[in-house]
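What TrEMBL annotates here:
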ACT_SITE  H543  active site, proton acceptor
ACT_SITE  D710  active site, proton donor
DOMAIN    511-787  domain 'PKS/mFAS DH'
REGION    511-636  region 'N-terminal hotdog fold'
REGION    649-787  region 'C-terminal hotdog fold'
Amino acid sequence: RRVRWSCCSQAREWPEAEGRPRRAGVSSFGVSGTNAHVILEQAPEPEPDEAAGVVPVAVPWVFSGRGVGALREQAARLLSRVEGEAGLSPVDVGWSLASGRAVFESRAVVSAGSREQLVAGLGAVARGEEAPGLVTGMAAGAGGRVVFVFPGQGSQWVGMAVELLDASPVFAERMAECAAALSGFVDWGLLDVVRRVPGAPSLERVDVVQPVSWAVMVSLAALWRSYGIEPAAVVGHSQGEIAAACVSGALSLEDGARVVALRSQAIAGGLAGRGGMASVALPLAEVEARLTRWAGRLEVAALNGPTSVVVAGEPEALDELMAECEAAEVRIRRIAVDYASHTSHVELIEEELHRVLASVRPQTSKVPFFSTVSGEWLDTAGLDASYWYRNLRQTVRFQSAVEMLTEQGHGTFVEVSSHPVLTASVQDIADAAVVTGTLRRDDGGLDRFLTSLAELWVQGVDVDWTRAFEDTGASVVDLPTYAFQRRRYWMEPAVDALGALPGLGLAAAEHPLLGAAVELPDAAGLVFTGRLSLRTHPWLADHAVGGVVLLPGTGFVELAVRAGDEVGCDVVEELTLQSPLTLPEGKGVQLRVTVAEPDEAGRRTFSVHSRAEDTSLDEAWACHAMGVLGTGSVRPVADELAVWPPAGAVPVASGEMYADLDAAGYGYGPVFQGVRAVWRRGDEVFAEVALDEGQQEEAARFGVHPALLDAALHGVKFGDFFSDDRARLPFEWRGVSLYAAGAGVLRVRLAPAGADAVSVTAADGAGRPVAAVESLAMREVDVEQLAGAVSGGPRDALFRVEWTAVPSGEMASGDVVVVGSVEGAAYADLEALSAAVGAGASVPDVVLVPFAASAAGDTVWAAHEAVGRALGLVQGWLADERFAGARLAVVTSGAVAVEAGETVRDLAAAAVWGLLRSAQTENPGRFLLVDTDDDSTRVPGELLASDLPQLAVRDGVVRTPKLVRAAAAPQSTAPWHGDGTVLVTGATGVLGGLVARLLVVEHGVRRLLLVCLRGPDAEGAAEL
């Protein structure tokens, strides 16, 4: 009571005091009497940033999301924040995004030099549009296997690198080091040439452009590395190999300068003015065929791609070749050089090159060096004077080197140059690779480099974006939190529910999909029970076909494996899926897994059934899967997937896979979008799949989480396992073995295993075996038909016709006339009506035609006569266009059975109904069928004007047929008694094989004699 303070339990006004900041004390009292007290003071107001709208250098704003929707919403939130506070510094926003945010698969980068451009880029992302400086993409597991590609001559342009000299200290520092290294071999200054200082030599000189290009490439490589992009390999084209050697560590900067400067001087003095070069867009064989005319004068100088060949030689011969190609509409381009490198011309300076480069001292590089002289990896200790002569003399085998790189798993290529000249060739050789350049002609600033950097990052390559904010004074600012997509994560069932199982005579199944297990008293069998719903298992909502949520086929595999564990069976010999198990919104499904007693060989049959939990006890169970459990699982070779990706496997682009599947009707949500990278090697497909982060903890409770194993099968999309591209789903599994449980990442190998079947091998992230499937057969599926077939579940799939009363309000009115011999008839027949209309009578809304009961006699003759008469009437009615807006009402008596116990009295009239139903289907709205319960065929006029297609009058009540749900009859399976043998003939046929399987699985038969014409050689005999 003496302390002048009180506990603040709700918000209250806190007036500001002039010149004094707010201060608050926060106390924490421990049970033992400990008192911790902290005094907090109001933070000082930030000083206004007068240059908040001006960015001195290019700034990247990087952000990501789990899915395109989340990315767009994140951009919209950022846009609202930035537009709402004009004083917010773009550099601070960029630093806060780069330094404090998790990175997800869907990515975007906006880089620009002004606040307006950055804001415009954000708005474009939010709207799903494009904008200057904006790069978006989906990370596809490109990882760190990056190749630096250094081109030969041709990437240079006047003014290149000038902007970077002023904007990037890293680039400027490396350029200064290159200038110092070159100074001992040239009589001009590197930076003077780049900055175009008056009196500096021109880039048109070969002995200037090659050293300058070398320095720019080496310095750009340093810039890439400063952002965390380290090359896993390097490759150079012609003179580009000198830069590649320096970047890999094979040559010192001084030796690199020596090679490029002295060799280009030898070219200028001994080769310049004597030759030329041209690029031809043809395959090598066609180029060689054309060159036979100029044998000895023109030679193949470089192989850049499948349809990109460089030719060099005498200028006059090149002119003739170009004229011939242009006349034949073959694309050919003259290269701006006046010498013929990579030809016999180079032999003129061989002795000079060996002499001036004799002091070069190469060493084995730290980064693998792929030679375009040999087309493969090379120990760089051999990059002596002899090599640099061969580099200039021999054909450039760029295509072979890139093919070797892709075979060894390199999937990202960065052309390190002032303008890309090889990216198109690399993409032609490795179409699934990620390929980007560095700068562009007339676009050589930091913003262009950041855009190239972004092109890698959005594809999955790690980038250290914080380096873009060094020395900017950036500070962290409050930005919107992550745009969560509001997925539901329901609480798990209470532990008490499982704790009560022993009191019910049940044992806990200890599995996420199963609740309890109970032994059968009369046999050594076992029954597992469970309950599935989108509330208890919300991750299943991410597996939908045609909008209907299904338990994946891998879920049945998991159930079978768990059942096998319980009864001592370590292999699922066979698992056949019979019908999909749907999970309706807001409802649960009861699950039963029944395991039979073992046979003499220890094998056990099993089945998986379900039914909706809101049904009565006598409701039938639906069978979804049947199979056989056995023993004798074979351990795989331990290191089969230890090398990853496997040698010779080529990366395959998979970023658009789930978007394509979604468009086809397969709704794989984030939990089931597990594919991270895909490779191919011959007819094999390799995939790396990972479980969603939200399911990682749950993975330990599964053998293999169904979502992870399902994702492992998605790689079939990239193989040639099937005869066509139609959608398929798992149907029959054989030889399923589990070696380790709880994996969160899988390395997967898919290989052909017969027609429309694959084998599956899976290992964890370290290459240790996890699971194997000898054969998985897949069947074609129509998404729309599947969705329609499963949308209602077993209880809703059966219908019957019921004649229901029609409310009087559904009757219409209209102008009615009668045709035929009935009391009150207006016209004798249709021809009479047509004549009347032709004479000026109005066309009625409804025309009634009675079909009286057939006379006693031959029913077949009566039916033929009635149908023939009705057919003529229908044809005449449809042929007269004046009746196009009218309706023909055919009235019968006793042609249909409406009520229970009623019989069809007029079979001939029933045939007329069949004909008229077909006419109604082909011509909607043109016909009405009415049946009465007496022979008078009297029909009220308002009934004839009804919009309903079929009506019946019984005891004055008008009825119409409708489909109503019908309860399925209880299913029963007759057990097989005795140990006798069952003979099945035609056993390898479709029906014979099905009967044999049902006898074993459903009826418990254990002795079969299978007979067919070809015996064991018949197709399908081995599988049976």
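Here the Cβ of each residue, glycine as well, is placed from N, Cα and C on the backbone.
Long-range Cβ neighbours of the residue listed as 'active site, proton donor' (same chain, at least 6 residues apart, Cβ-Cβ under 8 Å): H543, P552, G553, T554, F672, G674.
Sorting each residue of the region 'C-terminal hotdog fold' (649-787) by its DSSP state yields 35 helix, 58 strand, 46 coil. DSSP classifies the residue listed as 'active site, proton acceptor' as strand under the three-state reduction. Other C-beta atoms found within 10 angstroms of the C-beta of the residue listed as 'active site, proton acceptor' number 24, with every protein chain shown included. According to DSSP, the region 'N-terminal hotdog fold' (511-636) comprises 20 helix, 53 strand, 53 coil. Residues belonging to the region 'C-terminal hotdog fold' (649-787) score a mean pLDDT of 85 in the model.
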